[in-house]
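Undergrad: I'd like to ask you about the structure that follows.
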């Protein structure tokens with residue numbers, strides 16, 4: 001007798017065989033459908049990643065195209081084909097030069113942080129901070145027998161912070177009231193004699209305002225001997241408020257004077273001026289592109305990262321600089337010791353450069369931009385890819401570069417007739433170098449023109465020698481090598497001068513004693 005299962009399969013016949021095949025085929029089709037869904041999702045993810053990576057480059061190309069189109073726009077609104085070649089050249093003159101265009105765009109690092117490979121580099125820097133903390137705890141435990149983080153350097157640097165903030169209040173109030181009221185005086189339609197009186201009064205108010213911004217922070221810093229970080233706050237706000245005041249008047253006065261013959265007030269709204277004083281740009285516009293809402297978690301994250309950078313800088317100075325330079329002025333001078341100190345300072349110097357860039361140009365400015373819903377977040381470009389110093393200067397700090405380009409370079413070309421581009425560029429370097437040296441002098445409390453020489457002399461030469469025609473990886477390596485050496489020179493020389501002035505104080509204060517480097521003669 002046949003088994004029951006065999007008899008049942010025989011009893012099914014051809015129809016049962018077909019059903020079994022259909023069942024097996026259905027499973028295969030189901031598996032193929034699942035694979036197709038997974039493959040589709042994978043391709044969608046790849047597409048999204050490619051679009052995100054290409055977005056930054058596409059935005060930059062579109063910005064360049066828009067700026068070039070504005071440069072070549074017909075003055076009378078006629079078609080381009082009807083403009084002779086000499087008119088196109090005139091369209092590029094300073095009087096019709098390109099203006100800063102604000103559009104909604106993200107900061108470059110925010111776009112790069114969406115890529116996992118770049119986030120790993122960010123994580124490496126966080127790991128470096130953890131290593132500094134562990135090193136500090138380990139050394140304190142070995143030397144003192146306790147686990148405790150000391151923030152003596154941080155507390156010293158931000159000493160008398162309330163006094164610095166109180167000094168900022170009259171500086172801000174002067175900037176808030178005086179330039180806008182001066183513009184209102186110039187904007188009122190009135191008889192010529194009364195208008196001239198208003199112009200004179202406006203200039204007197206601006207002179208007082210400028211004097212307050214220049215004299216008050218210097219007086220407070222010298223009288224109360226503010227420490228470096230508190231001085232840094234004052235000098236940055238001093239320079240920022242002066243640059244914003246100039247931009248507001250430079251942008252608003254021409255239009256106000258042209259419209260003075262009409263009726264009513266022609267000055268910009270006070271709310272637009274108040275918004276400009278806080279938004280992260282130095283170029284005044286009555287309106288800016290705005291984002292729809294505020295991401296408060298993004299604001300908190302950027303402020304936390306800025307605070308982390310300050311702690312990082314304190315650990316670097318405390319572990320890599322103070323032990324090396326604190327007693328260097330007590331030893332006899334030698335060329336070997338100087339060269340070794342510069343080489344030793346290259347690593348902390350480049351760390352400080354990167355921390356200043358990330359803390360201020362990315363975290364701090366993005367936090368304020370988010371709180372104010374300021375749409376244009378291009379505070380810097382990809383300066384790290386630069387193959388020339390001319391490109392590095394243009395992309396390192398776009399906020400300051402836009403101000404220098406608009407009000408020093410373009411206005412200089414206009415004053416010089418549009419032909420002396422070299423002289424206008426030299427003027428940009430001179431203004432920038434002097435302001436940088438003034439900031440260092442204010443913060444450190446002594447005059448030692450290291451930054452002035454590096455920026456104006458060597459920086460100017462490198463700007464013309466390493467120009468945009470140089471491309472390729474070798475030029476980028478050369479730029480980074482020079483940056484390392486430049487930062488090492490600054491950190492080494494400024495640290496030596498700082499400790500020399502404490503180890504070898506002057507018996508009496510003289511002008512030449514104040515401006516002569518003390519580290520050249522102090523070897524106690």
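Cβ coordinates come from backbone N, Cα and C, glycine included.
Bear in mind that TrEMBL entries carry predicted annotations, made automatically and left uncurated.
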Undergrad: Do you know which of 1-29, 30-58 TrEMBL annotates as region 'Disordered'?
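TA: Within the set 1-29, 30-58, TrEMBL attaches region 'Disordered' to 1-29.
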Undergrad: Within 10 Å of the Cβ of residue 436 (active site), how many other Cβ atoms can you find? Include all protein chains, please.
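TA: Looking across every protein chain shown, the total is 17.
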Undergrad: Look at every Cβ pair spanning the transmembrane segment (474-495) and the transmembrane segment (303-326), keep those 6 or more apart in sequence, and say whether at least 3 of them are under 8 Å.
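TA: Yes, since the transmembrane segment (474-495) and the transmembrane segment (303-326) share at least 3 Cβ pairs closer than 8 Å, they count as touching.
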Undergrad: If we skip the immediate neighbours and take only residues 6+ beyond the ends of the transmembrane segment (195-216), which ones have a Cβ under 8 Å from one of its Cβ atoms?
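TA: For the transmembrane segment (195-216), the list is 167, 170-171, 174-175, 178-179, 181-183, 185-186, 188, 238, 241-242, 245, 249, 260.
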